[in-house]
Ligand code: MRU
């Protein structure tokens, strides 16, 4: 797949494949300022927890470049811009992690000038970018081993190359299984309202020649009952200290149904998606997005004027519904409070 996040040294800008228009057209969105970065994050030019982490890392560097031209206290200006990036979307921990990582470099550098800080930030952003692909490939290797030849894997939302720097987490598991010589196919739940499954998962798998069928979100129970689903693999925006996994709205329902039909339900995510500071999924802020995403299809309003809607973008899946959490360091199993503690004990 085309690299959908690109840093251009020539333009000193971040160039993003605009996911709002996929699969119909491939348009690119150029970010040079904090405002561009925040806009791209909020309207979902770029989305998916690791991808927004990578974008935020470059965003901090671009914020520094922007502050360079300003009169006044650069530290104060920069701090406020980092705050804007940090707050662009509340649920994915990766965004917060990336901004904190840049802040850590700044703090550790002591009394550094902005001119000296910027190359350190750009270098770190590139490392996070490249490192993300390597992490996904390892997730694919560990997760691929859990899949069987002939499996049909259901996924919800898009946790693929487009949601990461490349390869994907949940779709990394699919790619990993294929790399291991297994024949697998995918059911992509369409994922209302932004249709990450129907548009993005279908787009990237189809482009790579991986068999995929799109299903309405509400077909899940029947497909499972008919024995058409062997495994479920999803990504996560945040996994809490007890192993609850917060992911795209609807994931919780898929997990309940998988439990009902004895289908293993896996979560695939890099270690830094695990937020050990947050005890349970119920403690994670759930993004409440623009009602227009629910009320409208294109320019056409569906519910009558004046009727309100819910557009909560994520839900927490309780750890007892999760068969395993696939990370780049191996697969975690219940009890998750213990396996997660052990994973972090070496740090
Ligand atoms: O609102 P989105 O599209 O950013 O939500 C994305 C998801 O829910 C993904 O499943 C999650 O971020 C994991 S991406 C590897």
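Glycine too: its Cβ is placed from the backbone N, Cα and C atoms.
Note that the coordinates shown come from a computational prediction; the quantities given were computed from them, not determined experimentally.
According to TrEMBL, the feature active site, proton donor maps to 237. Positions annotated as substrate binding site by TrEMBL: 47, 48, 49, 89, 196, 247, 248. Sequence annotations record features per position, and here TrEMBL assigns site 'Transition state stabilizer' to 157.
Residues within less than 8 Å, Cβ to Cβ, of residue 49 (substrate binding site) and separated from it by at least 6 positions along the same chain comprise 92, 93, 94, 95, 163, 235, 236, 237, 238, 269, 273. Compute the center of the Cβ atoms of 47, 48, 49, 89, 196, 247, 248, which mark the site for substrate; besides them, the chain residues with Cβ within 8 Å of that center are 52, 92, 157, 158, 159, 163, 235, 237, 313, 314.
Residue 196 (substrate binding site) and residue 157 (site 'Transition state stabilizer') are 5 Å apart (CA-CA, integer value). If you take the C-beta of residue 47 (substrate binding site) and look for same-chain residues 6 or more apart in sequence within under 8 angstroms, you find 19, 41, 158, 163, 194, 196. Neighbour density for residue 247 (substrate binding site): within 10 A of its CB lie 29 other CB atoms from the protein chains shown. According to DSSP, residue 248 (substrate binding site) is assigned to a strand segment. With a cut-off of 6 Å between Cβ and the nearest atom of ligand 1, the recorded positions 89, 157, 237, 248 reduce to 157, 237, 248.
Here substrate is bound by 47, 48, 49, 89, 196, 247, 248 per the record. The longest Cα to Cα distance in that group is 17 Å.
Of the listed binding-site residues, namely 89, 248, the sparsest CB environment within 10 A is found at 89. DSSP gives residue 49 (substrate binding site) a helix state.
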